[in-house]
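Colleague: Mind having a look at this structure? Questions to follow.
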Amino acid sequence: MAAVMAAPEPAEAPSSLLLLVVGGECGCPGLLAYVLEELERGVRSWEDVDPDVCSLDEQLKAFVSRHSATFSSIVKGQRSLHHRGETLETLVLLNPSDKSLCDELRNLLMDPAPHKLLVLAGPCLEETGELLLQTGGFSAHHFLQVLGDKEVQDALASAPAAPALTVSCPTFGDWALLGPAPGLRLRLNPPARLPSSEGLRAFLEYVAESLEPPSPFELLEPPATGGFLRLARPCCYVFPGGLGDAAFFAVNGFTVLVNGGSNPKSSFWKLVRHLDRVDAVLVTHAGADSLPGLNSLLRRKLAEREAAAGPQGQHEERLRRLLSPALGVVFLNAREAGSRLRGGEDEAVCARSLLRSLGIVPLPLQRGPQPSCPTVLFEKLGVGRLELFVLHPPPGDPAAPACALLVWQPAAPGDKVVRVLFPGRTPPARLLDGLQRLQHLPCLRRPVVTTQDLEVPSRANSQDSLASRDSTRKEPVRGTVGATSRSAVRREPALATRDQKKDTKPGPTRSTVRDVRRSGPGVVTTKPRVSQNGPRAPVPAAPPAAPAPEFPGEAENIVESERPPAPSPTLSPAQSPPPTAPGNSPERLSLSPLRPEPAPDASPSATTPTLTTPSLPAELGSPHSTEVDESLSVSFEQVLPAGDAGLSLPLRLARRSTSPHDVDLCLVSPCEFSHRKPPPPASPGSSDSSARSQERPPETPPTSVSESLPTLSDSDPVPVADSDDDAGSESAARDPLPTPRVPPPLPDAPGICMVDPEALPPRARQPLSTANSSRGRKAPARPSSASAAPRAATVAAKTKGPVGDRSRPLSARSEPADKPGRVPLTRKPSVPKTVPKMASATRNSSGPSSRPAPLAAGSPVYLDLAYLPGGGAGHLDQNFFLRVRALCYVISGQGQRQEEGLRGVLDALLAGKRQWDLDLQVTLIPTFDSAVMHRWYEETHEQHQALGIRVLGSGSLVSMQDEAFPACKVEF
């Protein structure tokens with residue numbers, strides 16, 4: 001070895017030795033000590049340093065005193081320390097992202113220096129040795145991927161001599177897979193032979209200061225501007241969870257945080273810091289991939305309590321710091337973490353200790369003896385009902401990972417039931433077993449289900465006096481709710497207010513009152529029916545609750561909460577939370593709608609996707625949400641050019657609330673998977689006379705996944721003739737006979753991407769003028785089992801790439817308004833003409849002979865959004881996707897085990913989707929970037945178009961106020 005090192009000595013050039021040190025941010029003192037030991041071991045193991053050529057001690061001293069520091073503007077918290085000496089170039093990466101580390105590793109391998117050292121020291125998993133980075137992880141698998149890059153191999157092959165690379169990494173796990181590589185002399189974890197020196201100690205002390213964990217207030221920073229975010233529509237934020245997952249599900253009146261991700265700098269913080277309360281926290285599995293982000297939030301809440309009890313400072317500064325949301329019920333099973341960091345603390349034990357300090361008792365999640373009996377998380381008359389079905393674990397296994405299904409049943413008959421699955425690390429076989437126990441539920445047997453579809457049997461069998469009132473068409477009564485919960489909800493004064501309005505006003509006025517909560521005042525349009533509703537006083541979607549009571553020991557709220565209180569920690573299945581006192585001020589009842597309501601279409605077969613920047617109108621209407629990024633504003637004006645004088649944007653301004661600090665979600669921009677695609681042709685889809693039908697420049701890419709996805713927003717129902725707002729002759733045709741009837745299994749029906757005018761029921765094919773001539777505003781549709789399919793989940797986000805989907809039956813672009821006779825492209829050949837007629841006949845049939853069809857074993861279950869089981873929970877084959885049919889699949893968890901089986905999961909999705917009997921549009925949302933996924937996308941892109949599969953990129957952003965954060969918002 002001495003002869004090899006002496007060869008380049010006469011021609012030794014500056015920086016012939018290259019040192020790359022990678023350190024991850026440490027969250028506890030024990031972890032910091034472990035990382036410093038690994039750093040020292042790595043530097044002292046570099047035997048290639050010839051003391052006659054390079055004095056490592058002097059070079060490290062020079063680094064400490066002369067290095068330059070660079071803070072990344074893209075990856076918050078990442079720092080680069082660099083120094084280039086006469087013989088040694090040193091680069092230290094602190095708290096990097098996975099992409100930054102891969103880029104620097106590529107540069108290290110391609111550098112012509114003959115001797116190189118790579119020290120990988122940071123928090124790592126005990127099982128695999130995978131390093132835990134700010135985003136994702138880094139393992140031996142990722143190292144081999146970078147080493148196998150063609151550009152790297154070409155650089156190594158062109159070198160005059162094979163360079164020597166010493167790698168100091170974890171000595172356990174899968175790092176032993178690193179072996180000899182062509183064109184590279186690789187040495188893995190050699191023993192530490194160099195003596196300790198003063199320069200090395202100074203280097204370690206300086207790095208230790210940079211790796212010390214920040215305070216909770218520095219880790220989770222307060223926003224630049226205060227205010228509360230109101231989420232009126234059902235939605236789900238998909239956050240990049242690093243090695244795990246993190247999601248935030250919200251409905252009108254209740255919010256649920258699911259897991260926290262592996263990054264201590266919580267990915268969900270920039271959203272929840274604008275909330276006054278998180279009503280429920282659901283931890284599907286305890287480990288280093290799901291709890292660090294949640295524990296950071298708990299530490300901040302504890303620090304806020306200590307700061308509030310400490311010396312008083314400036315009032316405004318204290319209010320700005322003490323802003324974390326109040327926490328409701330917490331569901332947590334395991335008492336010990338399933339995965340731990342080497343040298344770190346047990347995240348599950350830490351979470352329970354923090355919850356105990358905050359006075360919160362975590363509740364276990366277990367499947368009951370009757371899995372179809374859910375836990376009612378939230379229920380409010382006139383708003384809806386949120387149910388929690390626990391699919392796993394079974395009774396007697398509390399430490400197993402939990403699998404939860406959330407079902408939101410809104411009160412409005414025409415609104416869509418939302419079904420979201422969070423499996424965590426549940427094995428697929430047990431997940432399917434849990435779903436099989438629920439497949440008899442009507443809400444899981446169709447791709448799209450409305451509340452009207454579920455209330456018919458209850459209304460037929462109900463002996464309550466409410467069955468004879470007109471309000472039963474709008475306020476469904478669930479038979480599974482106990483008498484106590486029903487009477488408790490009934491005691492709310494808001495119900496009497498709504499009933500008085502409904503009983504004293506005529507039919508058309510009643511329609512106006514019911515629809516104002518979705519349309520809102522100030523709708524800018526030229527349609528007479530909307531302007532007729534303009535001067536009317538807005539009626540809210542739901543009465544707000546009084547300030548939410550805190551859990552014992554919880555920090556006091558700074559502002560009044562307008563959300564209903566979280567359920568008591570003693571929730572039991574089929575038990576609703578206690579009622580709350582409604583507010584008396586009608587202004588406080590407004591819920592600040594967050595997105596515009598697209599105007600209804602003129603033809604019953606035309607569907608128009610949500611336009612461009614769906615939440616920007618609410619942003620413009622919010623009194624304290626005017627700091628919009630200039631580039632985003634310019635993009636908005638470019639995508640929506642000025643139209644004719646008679647056309648105006650159907651954009652709804654948000655109603656001003658009594659609170660002076662309401663924050664509205666403004667811009668969402670999920671990027672499409674970035675690959676070369678042919679430019680899409682202009683869609684011949686028709687539209688109404690509003691400015692949504694303005695023709696856009698073909699070179700402008702869509703900025704909303706709602707446009708790129710051929711799905712319909714909940715605000716764009718398929719126009720049909722019947723309506724629950726008619727008080728005249730249509731009431732008889734509208735109401736089914738009062739006999740028990742359960743809908744049969746869903747037959748082949750038109751896909752989620754289109755509406756076949758020939759397949760609609762006869763009443764739905766009536767001209768719009770005939771059906772709605774007596775009404776000033778068209779009521780939301782009440783679709784049948786055949787026409788309900790187009791009401792799909794809308795990913796309300798903006799995409800940066802082109803649509804690129806030629807076979808999609810509905811495009812994001814619209815034709816000019818002077819083409820009212822055009823209808824969207826459909827996939828008629830794939831839809832049997834008899835299926836819609838059968839579905840329509842089934843809906844109109846009545847009598848004792850109507851019985852549900854028997855369910856075959858392994859019948860499919862339809863969901864709106866489903867996370868895929870992660871963390872190496874098990875192999876997902878095509879049978880899984882054949883039985884679990886979701887409109888949106890989320891792949892999360894950038895771990896080594898996840899990447900190893902990723903290609904098989906993606907291929908299984910294609911194979912399973914190919915066997916679906918319904919033509920549904922499916923969206924795949926990955927939370928991380930992967931070379932495996934890129935290759936799969938390039939090789940199978942043509943199949944995506946044929947099967948109706950869209951893949952989003954992992955760089956989605958949500959812009960709120962004056963900053964953006966990585967997330968993808970899915971609206972239902």
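Using the three backbone atoms N, Cα and C, a Cβ is placed for every residue, glycine included.
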Colleague: For the candidates S267, S462, S615, S787, I need the one that Swiss-Prot annotates as phosphoserine.
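Modeller: Candidates were S267, S462, S615, S787; Swiss-Prot attaches phosphoserine to S462.
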Colleague: Of the residues S568, S585, S603, give the one that Swiss-Prot describes as phosphoserine.
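Modeller: Looking at Swiss-Prot, the phosphoserine feature maps to S585.
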Colleague: According to Swiss-Prot, which residue out of S633, S723, S784 bears the annotation phosphoserine?
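Modeller: Going through S633, S723, S784 one by one, Swiss-Prot flags S723 as phosphoserine.
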Colleague: Average the per-residue pLDDT over the region 'Necessary for the microtubule-organizing center localization' (1-715) and send me the rounded value.
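Modeller: Summarising the region 'Necessary for the microtubule-organizing center localization' (1-715) by its mean pLDDT gives 67.
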